[in-house]
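As recorded in TrEMBL:
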| type | residues | note |
| --- | --- | --- |
| DOMAIN | 10-141 | domain 'EamA' |
| TRANSMEM | 36-54 | transmembrane segment |
| TRANSMEM | 70-90 | transmembrane segment |
| TRANSMEM | 96-115 | transmembrane segment |
| TRANSMEM | 127-147 | transmembrane segment |
| TRANSMEM | 153-174 | transmembrane segment |
| DOMAIN | 156-293 | domain 'EamA' |
| TRANSMEM | 186-206 | transmembrane segment |
| TRANSMEM | 218-240 | transmembrane segment |
| TRANSMEM | 252-270 | transmembrane segment |
| TRANSMEM | 276-295 | transmembrane segment |
Amino acid sequence: MKKFLFSTTVLAIFACLLWATPFTAIKIGLKYTTPLQFAGIRFLLSGLIILPFIKDLKYKILESKKRWRFILWVALLQTTFLYGLFYTGISFVPGALAAMLIGSQPLFAAVFAHFMLANDKMSWKKIFAIILGITGVCIISLGRADFVLTTTIPLGVGILILNNIVGSTGNVIVSRDAKDMPPRVLASFSMIIGGAVLILISIPIENPSWNTIHPGEYYLSLAWLAMVSAFAITIWFGLLQRPGVKVSNLNTWKFIVPIFGASLSWLVLPDEHPDLLSIIGMIVIACSLLFVNYLNRRVVK
């Protein structure tokens with residue numbers, strides 16, 4: 001049972017479930033703080049939450065000094081740039097379009113893994129599975145469409161594409177270069193540094209307010225987001241470091257994020273109900289994931 005619960009598949013699904021929950025909390029938080037400031041506080045707290053769970057913390061800090069350049073690089077890529085671009089990009093495009101662009105991230109991951117990793121090459125079958133998954137994400141997003149053409153859309157699209165490039169590069173670097181670093185250490189230190197940098201960047205760009213008196217919903221949303229990041233990113237870093245786990249295959253699990261997101265909306269929000277397009281999109285994504293797992297089993301055999 002323990003082996004099953006800690007399998008790559010179960011942990012990847014759990015991480016994606018966590019990533020499907022923050023959208024309402026982000027909307028609440030942004031009512032009271034600016035995007036970069038809120039993201040910075042969120043990830044700084046996430047990194048601090050992990051610290052008590054790191055064994056021999058003082059020793060790990062001393063050991064990590066030897067690889068400070070790598071930790072800084074991961075912090076900038078996976079926290080500062082990734083979430084700075086994410087929070088900025090989603091403010092320029094409609095939610096449905098943002099979901100489709102973010103949902104295409106597994107394709108970017110597969111392309112970057114193909115060129116940066118010797119053991120993670122693309123095949124026509126894998127490309128078909130990824131495109132099938134992206135199609136499913138698009139169908140779900142169109143079912144919840146809120147497209148309104150504005151002059152800011154091209155800028156937002158460019159920012160979110162850059163977000164995908166940054167995230168994919170970060171995934172490859174962690175998979176390739178972090179083999180000797182405990183996932184908790186890398187996740188904690190990179191989020192503390194990356195979050196602090198986001199806060200510093202927000203000062204000249206956003207001129208945020210530093211008022212600490214907010215309604216309870218703000219602190220609840222911030223606490224939830226910090227917990228989600230602490231768990232999900234630690235799990236994901238651990239999976240990327242596992243022997244035999246390929247970046248391209250692991251990232252296909254992110255196709256289920258919109259499935260979880262839509263399902264949670266139907267359960268929690270009274271005005272949200274299942275619709276035909278969303279259900280079709282979910283079936284298409286399920287076919288994509290089944291096909292990827294079929295390909296993986298054939299490779300193992």
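Including glycine, each Cβ sits where the backbone N, Cα and C put it.
Just so you know, TrEMBL annotations are computer predictions that nobody has curated.
Recorded stretches compared: 96-115, 153-174, 186-206, 252-270, 276-295; the one with the most Cβ pairs under 8 Å to the transmembrane segment (36-54) is 186-206.
The helix, strand and coil residue counts that DSSP assigns across the domain 'EamA' (156-293) are 111 helix, 0 strand, 27 coil. Same-chain residues lying 6 or more positions outside the transmembrane segment (252-270) and placing a CB less than 8 Å from one of its CB atoms are 9, 12-13, 15-17, 19-21, 23-24, 99, 103, 105-106, 129-130, 133-134, 136-137, 140-141, 144, 278, 281-282, 285, 288-289, 292.
Spatially, the transmembrane segment (70-90) is not adjacent to the transmembrane segment (276-295); fewer than three Cβ-Cβ distances between them are under 8 Å for residues at least 6 apart in sequence.
When each of 96-115, 153-174, 218-240, 276-295 is scored by its Cβ pairs under 8 Å to the transmembrane segment (186-206), the top-ranked stretch turns out to be 218-240. Residues of the same chain lying 6 or more positions beyond the ends of the transmembrane segment (96-115) and with a Cβ under 8 Å from any Cβ of it are 86, 89-90, 121-122, 126-127, 130-131, 133-134, 137-138, 140-142, 144-147, 153, 156-157, 160-161, 163-165, 167-169, 171-172, 175, 246-248, 251-252, 254-255, 257-258, 261. The domain 'EamA' (10-141): residue composition by secondary structure is 109 helix, 0 strand, 23 coil, according to DSSP. On the 0 to 100 pLDDT scale, the domain 'EamA' (156-293) averages 89 in this prediction.
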